[in-house]
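Reviewing the structure listed below.
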Amino acid sequence: MLSTEMPLPTTGSTLLKTPASPSPNQNLLPLTAVINKNGELEIGGCSVPALVEQFGSPLYILDETTLRQAAQQYRQSFQAHYPGSSQVIYASKAWSCLAVVAIAAQEGLGFDVVSGGELFTTVSALKQLGWDEAEIAEKIYFHGNNKSVQELQEAIAINCTIIVDNWLELETLTKLAADSGAPVKIMLRLTPGIECHTHEYIKTGHLDSKFGFDPNQLEAVFTYIAQQPSLHCLGLHAHIGSQIFERQPHKDLGEVLVQWFTKGLTYGLPLTELNIGGGLGICYTESDDPPSIEEWAQVAAISVAKACDRQNIPYPKLIAEPGRSLVGSACVTAYRVGGRKVVPNIRTYISVDGGMSDNPRPITYQSVYRVALANRMNDEITETVTVAGKHCESGDILVKDVALPAAEPGDIMVVAATGAYNHSMASNYNRLGRPAAVLVNQGQANLILQRETYTDLLRQDCLPNRLLS
C-alpha cells in the first residue's frame, strides 16, 4: 500500500494511549512508556536507544511494572467477583525464564507448565526464591496432550497436579501412581465444544481439537477414576482458545464446566477445583478492543458462581490461566534499522537486524504489529513502509504497510506487544543467536537472558571422528 493511499498519523507518539488504560492488555506499549525530552521512547525509566547501545540488538525489553500490575489485577479481580477461593496461574508457555517465573511467584501466582523443560525452569526459579517442596507442589499444574513417561515421572516426583488429556495418559498414570506408592493429583481436561473468534491455530475449545476428553467420553472416564485409589481427581479443566475479545464464550464455558463438575460429584469423585483456562486478548493494533482484565475475570467468575448456585453445589476453587495478557503488553523488541529497498509504485522495504527467528508470529499466524522509531518518536511520519527481517526467507516480514518517519540506517525500531510467544517461540534459523532480554524498572536495567553467541550455536553439535578422516 502506498503512503498516498492511507491517512498517516502525525508522529510515533500515536502508539502511546493517552491516558493509558489501567489494564495492561488494553495498551500497545507498557504502562511506563513515555517520550523523554530527547524525543526517545523510554520504558521503565530507561531510554530504549540507550538500552540498545548497552545490550545490543535485537533486544527484548520487559517492563517489570506492567507485568506486576497485570498479575495484581488478575488476583484482585477474582477475589472481588468470585465468592469462593481462587488461584491465578501463569501460562508459562507465553514466556518461560527464571526472572518471569520469579516475578509471577512474588505476585502470588501459580504456574501452568506444558513440558519437562518448563517444569524444570519453574521449579529452579521457585527453589532459588526459597520455596519449599509443599509450596512448589501446590502451585504447579502440568499440561500437555502427549506427555512422555519421563515427564509424568518428573511431575509425580514433585507431587504437582497433572492435567490429564486422554485415555492413554490416564492409563499410564494409573500404573505410574501404583508404582510410586502414593496417590497422584490429577485434573481432567475436557473439550467443551465452545467456538470463539480467533485464529484457527489457537482455537482449543471446539470439538475438532487435539486437546482433552470429548464430552461423550467423560462418564466413562469418571467411572474409571472412581475405581482407581491411586488417582486423586481434584477437578476439571478447559481452555477454549487464545487472543479472545468476546465475553460470551467464557460465560458459556463456566456454565458447561459446572454442569460436568456436578456430574462428576455424583460418581463420588472428590472434585474441589474448576480451571477455566485463559485466553484474554491484548492490543496488537489500535483497532483491537479486548475486555479489561477485571471485565474478563468478572464475567468468568460470575458465570461459575451462578451456575454453582443453580446446581446447589459448594463453590469450587476457581483457577484461571492467563499468559499472553500478563506478559504480552509488558515487552517490546528493539531492532537496528539497516537497508532500504524501493520498488517503484509498489512498496518500500526497510530491513532490520532480526525477524522471524525472534518473532515467528507474523509468518505463523499472520499476526499484525505496530512499530515506531524509538530514537525519533516526535519526528513527523512521512511514508508507509514494510518492515522486513534479515532471514533468507521471502515470508520474513515483521510488519506490512506501516507508517513511519523516513527510517535511516542505525535508527532504533521498536515492535510493540512482543512479550508473549516471541522469545518462547524463537529459533536459531539461519544460525542466528537468540536475542538478549532485559528487565527494566525505575531506571534500572538488568539482563535476564544472555544473547546467544556463535559458541552457543555449536554447543549441541557433534562431529563424528569418521568424518575427519
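Cβ coordinates come from backbone N, Cα and C, glycine included.
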Site co-member for pyridoxal 5'-phosphate according to Swiss-Prot, given GLY279, GLU321, PRO322, GLY323, ARG324, out of TYR421, TYR429, TYR454: TYR421
Neighbours of TYR421 (pyridoxal 5'-phosphate binding site) among the recorded positions TYR365, CYS392, GLU393 (Cα to Cα, within 10 Å): none
Distance from GLY323 (pyridoxal 5'-phosphate binding site) back to TYR365 (substrate binding site), taken between C-alpha atoms, in Å: 17
Largest inter-residue Cα distance among ARG324, ARG361, TYR365, GLU393, TYR421 [record-listed substrate binders, Å]: 27
LYS93 (N6-(pyridoxal phosphate)lysine) CB neighbourhood, other CB atoms within 10 A: 20
Of the recorded positions listed as LYS93, CYS392, GLU393, the one whose CA lies nearest the CA of GLY279 (pyridoxal 5'-phosphate binding site): LYS93
